[in-house]
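What follows is a single structure, written as structure tokens, with notes after it.
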């Protein structure tokens, strides 16, 4: 069911992009929009992992200098039948983690120093199982495409507004319509953001479920989320960006976004995630 929901949201996002491109430049605008999206998606496919790891100054580690962490990842990948990903530690005291990479064969998982300090081994395993579930279901690629399309829609909408104000658009009479301009300049980018956030939230629930069944202990991840949420409500990660916030296991901006409408959250509420994990715990126990 989650796959169909995500597919529907991705199609909706693409339709918003087509609508904006078509209004701005007609058939030519649609073609340009598709070419832009294709170019950005290709770039993201091959380089987004390197860019995000560099942004957070992630340091590669192996079994020699991070034996415990390496052992946990190795054990989980064997259980999940996944290739061993590259492992990184981020020099950051705020506890958090993310996965990146275009597919399971080119994946990386990164955790902050703060996470390794405040979580016990079981909780760390729960977090890493969550991240490996993202890898297993190609969530990184899905999230990257959604983020790029949403950004492209905002950019094209801004061009439309500038072009109309400057009177340079050949379809100036049509574009001058204030209602249509409001839709292009405000409503369309807003709709794109809402859809992007919905995709992100759906994938978080799916990764939580994957972690629960991979470890067999949903309570490990639930306990980790409780600690991470408590810490993130008091501190914000250095270099945190809105573009990559959806990648982390908890929002790196913490309480700064807690009062926003649910439509604009990159993650489901932690209380909802924990409640679902508790339900899964009972489900797993009944199946034993």
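Cβ from N, Cα, C; glycine included.
Binding site for Zn(2+) per Swiss-Prot: 130, 134, plus 204 from the candidate set 202, 204, 219, 229. Segment annotation: Swiss-Prot labels transmembrane segment over residues 140-160 (candidates 140-160, 245-265, 266-286). Sorted by the number of other CB atoms within 10 A, the recorded positions 131, 204 start with 204, the lowest.
Other than the site residues 130, 134, 204, same-chain residues with C-beta atoms no more than 8 angstroms from the centre of those residues' C-beta atoms, the Zn(2+) site, are 99, 131, 133, 139, 203, 206, 207, 208, 210, 211, 249. For the pair formed by residue 204 (Zn(2+) binding site) and residue 131 (active site), distance between Cα atoms is given as 10 Å, rounded to the nearest Å.
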